[in-house]
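Here the structure comes first, spelled out in structure tokens, and everything after it is commentary.
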Amino acid sequence: MPLSYQHFRRLLLLDNEAGPLEEELPRLADEDLNHRVAEDLNLQLPNVSIPWTHKVGNFTGLYSSTIPVFNPDWLTPSFPDIHLHQDLIQKCEQFVGPLTTNERRRLKLIMPARFYPKVTKYFPLDKGIKPYYPENVVNHYFKTRHYLHTLWKAGILYKRESTHSASFCGSPYSWEQELQHGSTSLNGEKGHGTEPFCAQSSGILSRPPVGSTIQSKFQQSRLGLQHKQGQLANGKQGRSGRLRSRVHTPTRWPSGVEPSGTGHSDNLATRSTSCFHQSEVRKKANPSLSTSKGHTSTGHAVELNTVPPSTVGSESKGSVFSCWWLQFRNTEPCSDYCLSHIINLLEDWGPCYEHGEHHIRTPKTPSRVTGGVFLVDKNPHNTTESRLVVDFSQFSRGTTRVSWPKFAVPNLQSLTNLLSSNLSWLSLDVSAAFYHLPLHPAAMPHLLVGSSGLSRYVARVSSTSRIYNHQHGTLQNLHHSCSRNLYVSLLLLYQTFGRKLHLYSHPIILGFRKIPMGVGLSPFLLAQFTSAICSVVRRAFPHCLAFSYMDDLVLGAKSVQHLESLYTAVTNFLLSVGIHLNTAKTKWWGYSLHFMGYIIGSWGTLPQEHIVHKIKDCFRKLPVNRPIDWKVCQRIVGLLGFAAPFTQCGYPALMPLYACITAKQAFVFSPTYKAFLCKQYMNLYPVARQRPGLCQVFADATPTGWGLAIGHQRMRGTFVAPLPIHTAELLAACFARSRSGADIIGTDNSVVLSRKYTSFPWLLGCAANWILRGTSFVYVPSALNPADDPSRGRLGLCRPLLRLPFRPTTGRTSLYADSPPVPSHLPARVHFASPLHVAWRPP
């Protein structure tokens, strides 16, 4: 006969009419009973032949992937001028006095951050933008390309200009200024890694007349065409104080994408003479453009008379130029949907390439990418804006994977101990938190994203058109890419992007200047950064509480008025060091803080309402007596596991599900087990804050007996059959709690101390979790444990009762930094009547 739910509750001692605990509880450790109950509840894992269920509510498992939804109206989020000040440490010291060792070490980690993996795989540019939306290939290409362009303009990305140079926008850091082109001495340079580079403001190279004298100045080498040493090598001071740099290595292509061919001169000429026709048109209109001028970030103007890398091919090919987009201008339309109709809409499509405000030397950067990108909704609640997903998973895979540094995440009890109080709370929203932290330029070659240009991208993902390397740029295959879909897509995109369609249709390679989200190092660095900043704020305002997890910052104060003044002071400090806050998203919580999925108040912690709603929804859709795919079980356990500490039986109640996932078997929910779990999760109990106190109750056990010391009273008992020592110790702790009601118990068993009851027999683990809920444990060495003698049957001997204090812990999160013993060296502040008692400290 199947086990009923009421009978099962009585078995787990969850009802009050159970017998004496000392008799009932040891029975739950019996292996035979556990097996019989598992059979009755259908918790065994038979190999079922019935087809598995792969979907429960929103949870999907094997063989069913959710189809991503593309939104053609996605907006690209704007990125403010994010620039974390380099003198961050000095500004913090002005604010709070000398920094602690921990704070200084953490802030130095991110100024700048460094990332040097052992092995980096490079992928062809075609894999730069992932064809994530097969139905919206062109739309997705341009929206992603626009997102990348926005990041570059915001100073978050470097743009690869050549093998050894890159450009960027925004304010340069000192380590970037040391690498600037043209800012170092140009005498005695070694190799091409130190060559100066010139910005071209128009992005178009002007071509002087081709002549054989120029050709002789170059020599062929393993790295392509190299300038002969000694010619034009010395910088000369111009009459207006301008620095005249020597010609950059001719293997630099304006697009930042070098040809993948073997270096044949005809190929080089075609690829390098970017938009030859358009630059000629512009030269006639504006003769001053014949010598491109730009500015390096030091403010000196740098002049560059550009030299064609080859003459062999340019003469034979005539005026065939490599700008795929503009080639359509001079061709006959092939159909009503020919791209030439769109290209002829505008006379001036703007430059083919843009260059940044500043240029630096970089380590060798191939014309490849190391990760693909695609767009998704910003979050489930905001589908109007897009978010860029960067896939750098290569660094987490294989034998050469990077082992990311670990960092402490506050567990539920630590969080409750720290934040459960009668404070008023608010949350601060840091805009694009990851993009605050600068990366060293030497890490750029490992974190490359980009695209191969529209023509190659369309050719790769469409089955009708093909562009082959040896034909690239020739008129025969130009119209192969014309199609109705492409024509309609481009016409619609023209409404949005206008002449930028031309710029975005060119290839580009970008490297990260700030830490990207797709690398395991980034969460670690962000956690170090925000925890150091919060530590500084806590020491500046010792009567308040500041705490962070990743980019989530919370402030607490005794009263709302005090919180308002604290908010003003802290936001001014954060803005002064370059941390960009989105003040519109500041949330004032009152006395119940919403943080990390929890609601934390003076009464303790509970899961947020939306999580409770998800759990109810999950149980409503959970099928009974049907095998559920173990992958779906993983998703269910992920949701239920988050709320498990708030239930009677906790994690042990989920052990049958964990077992099926480990065995990779389907799981069948029996009506009784589902009803048991459902009842568990419908009544949630808050996790309370631990209070400091003195331990006066001790428990100990041997395999055959147990002993308690409650104040000056001693008790002992024996088990019917010998038990494993950990099980015996757990039973002793349960007896101590039930007999004394004390919430602080001393024990010498590390497994009981850890409060992880999932390794015990299933029924015992569930019952013990409920009995010991809210109990704090203190470690007492066996030799000093007053309950040691009673557990061995010796009641006559009384060891002196220890005075063991219990102090609640906040874990390894190093959240609360006390003021250092050194004087603060701050000018005397104007004191105001604080609404707080001076002696009050955060919990």
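Using N, Cα and C of the backbone, Cβ positions are placed for all residues, glycine too.
Mean predicted confidence for the region 'Terminal protein domain (TP)' (1-177): the pLDDT average there is 82. Taken from Swiss-Prot, the feature region 'Terminal protein domain (TP)' covers 1-177, and the record attributes it to sequence analysis.
Under the heading region 'Spacer', Swiss-Prot lists 178-346.
What Swiss-Prot lists as region 'Disordered' is 180-202 (among others).
Swiss-Prot lists 226-315 (among others) with the feature region 'Disordered'.
Residues annotated as compositional bias 'Basic residues' in Swiss-Prot: 239-249.
The compositional bias 'Polar residues' annotation in Swiss-Prot covers 262-277 (among others).
Per Swiss-Prot, compositional bias 'Polar residues' is recorded for 287-299 (among others).
Look at Swiss-Prot and you will find 347-690 tagged as region 'Polymerase/reverse transcriptase domain (RT)'.
The feature domain 'Reverse transcriptase' is assigned by Swiss-Prot to 357-600, with sequence analysis given as support.
The feature Mg(2+) binding site is assigned by Swiss-Prot to Asp429, Asp551, Asp552, with sequence analysis given as support. According to DSSP, Asp551 (Mg(2+) binding site) is assigned to coil rather than to any helix or strand. A sphere of 10 angstroms centred on the C-beta of Asp551 (Mg(2+) binding site) encloses 18 other C-beta atoms.
The record gives Asp429, Asp551, Asp552 for Mg(2+). Within 8 Å of the mean position of their Cβ atoms, the other Cβ atoms in that chain belong to Ser427, Leu428, Val430, Ala433, Ser548, Met550, Leu553.
Every protein chain shown contributes to the tally, and the Cβ of Asp552 (Mg(2+) binding site) ends up with 15 other Cβ atoms within 10 Å. All protein chains included, Asp429 (Mg(2+) binding site) registers 16 other Cβ atoms within 10 Å of its own Cβ.
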